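Pulled from Swiss-Prot, these are the features on record:
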BINDING   His386, His390, His393  Zn(2+) binding site
ACT_SITE  Glu387  active site
Amino acid sequence: MSDNRSHIEEKYQWDLTTVFATDELWETEVVELTQAIDNAKGFSGHLLDSSQSLLEITEVELDLSRRLEKVYVYASMKNDQDTTVAKYQEFQAKATALYAKFSETFSFYEPELLQLSESDYQSFLLEMPDLQKYDHFFEKIFANKPHVLSQNEEELLAGASEIFGAAGETFEILDNADMVFPVVKNAKGEEVELTHGNFISLMESSDRTVRKEAYQAMYSTYEQFQHTYAKTLQTNVKSQNFKARVHHYQSARQSALSANFIPEEVYETLIKTVNHHLPLLHRYMKLRQKVLGLDDLKMYDVYTPLSQMDMSFTYDEALKKSEEVLAIFGEVYSERVHRAFTERWIDVHVNKGKRSGAYSGGSYDTNAFMLLNWQDTLDNLYTLVHETGHSLHSTFTRENQPYVYGDYSIFLAEIASTTNENILTETLLKEVKDDKNRFAILNHYLDGFKGTIFRQTQFAEFEHAIHVADQEGQVLTSEYLNNLYAELNEKYYGLTKEDNHFIQYEWARIPHFYYNYYVFQYATGFAAANYLAERIVNGNPEDKEAYLNYLKAGNSDYPLNVIAKAGVDMTSADYLDAAFRVFEERLVELENLVAKGVHND
């Protein structure tokens, strides 16, 4: 690993020449695409002239969108690999501007399409059978018809989009640019400025004094700005409720979930079922208290790992282990994994200027690339199989669907990645016999479950409560938000709000509350993945085949129908109950290891 990208071996860098062989070819495509988008301006007002025009304009729009995605992928990934290079900052800005131009040019498309009556649409299908392959694409647009206003009204609302988004943007600037946190001490006794970036690592410290100081420094700062954060959050909630109301939805939640055709019962079932199983989280908190040897568990004690042992994997060892684990899906899946690992789909190591974190990206006509910032840890092995899950989902979808259905809903995205993580856990627990290593694996799993199912559902419950409160005329003051959040936190963790005063301000630092009913999908996805992984590892070949069909389906059907074919009914609590059974089994094993004194070895 080197700070300088030029020193990193080529085999550890993604190969973006498979997208565009040279920067010059990218620039040529941008010029040609700009011209093609300009040429499309004449389509406005003519979409429904005939069945032929509907087909031609639809296909031009999809073709330009497809080319634009490829242009954007190249620019954004070139920029992500080293954000200090001005040339690629400019490339990304050009690609973003081109997206805006494309959106503006085709803004007529949906309003005009919605003027088409059902009888005329059926006549068009008879006249032009080639339209049939777009039937589901059109159907999803038509389903939105009761919620689309007149063209003038929609243009008026579109013109106010920056105003509606201002609360979220204000939060981002306040939280990321203006907020300054105190200086605290790390585990080495060194003074460091507290930041969003180092907060979690400080909270994971084995030194309780370090954790407590970081926790109090973080939340006492939010306490000072609680009234401003309450106003930005209230404004965002009011914006969502207003937009839902004028578009004839009963609530902001109904509006948000309808975008993915998700019934509200999925959300309700999640909250109800998680609440039913909260005693399991309380039990895990008690075990955590015992392992840490504390008289009284505080909120600053819930992130530190219970195991000081970290199983180590070099990147090449992680590739080998991942291929072994994912072979369970069969030959076709394994062959694609091998290609991803050997044909330079992955940008592996940290380098100066590289975007932090990890993701899977790409477009319909490119490889499903992955960005990593590799460290030799168990956590990074999980990251590798997670991102490989996303990339294989994209690959299977693109190989089996036309471009129009060649992507998938956010609601389904996390299932493929976390199924891989859960299969890794199942496999490691089958293979690893050493008590200390089993302890580390179980701790990793239980903390992941805590952070994804329990915590994200707590967020989802809070998010819905504040939208309902605003609808009912409640002013979302900081006092109201603090009390609501403190009560929810006490209910979830079983730790009294009196003893954990500062946690009442946590709502102020959560960006997801500006994402409009997004967080619940983390919890539903993780639970579905738990359920599917167990079926794949312990079930029959039909279960694997059903799962691969889900990966292939893309947007060819509604999300709930796609995942139902894999064996999960997400309107029922069964998949959630099954996930909690796995959680309890693993909690019992960890409790037994603690009873044996493994944590003290």
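Using the three backbone atoms N, Cα and C, a Cβ is placed for every residue, glycine included.
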Under 8 Å between C-beta atoms and at least six apart in sequence, can you list the same-chain neighbours of His393 (Zn(2+) binding site), or say none if there are none?
Tyr408, Ala413, Ala416, Ser417, Leu551
Measure the Cβ-based neighbour count of His390 (Zn(2+) binding site), defined as the other Cβ atoms within 10 Å of its Cβ.
23
Under 8 Å by Cβ from Glu387 (active site), counting only residues of that chain that are 6 or more apart:
Ala358, Tyr359, Ser360, Met370, Leu372, Ser417
Could you tell me which three-state DSSP class His390 (Zn(2+) binding site) falls into?
helix
Additional residues around Zn(2+), ordered along the sequence, whose Cβ is within 8 Å of the centroid of His386, His390, His393:
Ser360, Glu387, Thr388, Gly389, Ser391, Leu392, Ser394, Ala413, Glu414, Ala416, Ser417, Asn420
Those residues of the chain, 6+ apart, with a Cβ under 8 Å from that of His386 (Zn(2+) binding site):
Ala358, Ser417, Thr418, Asn420, Glu421
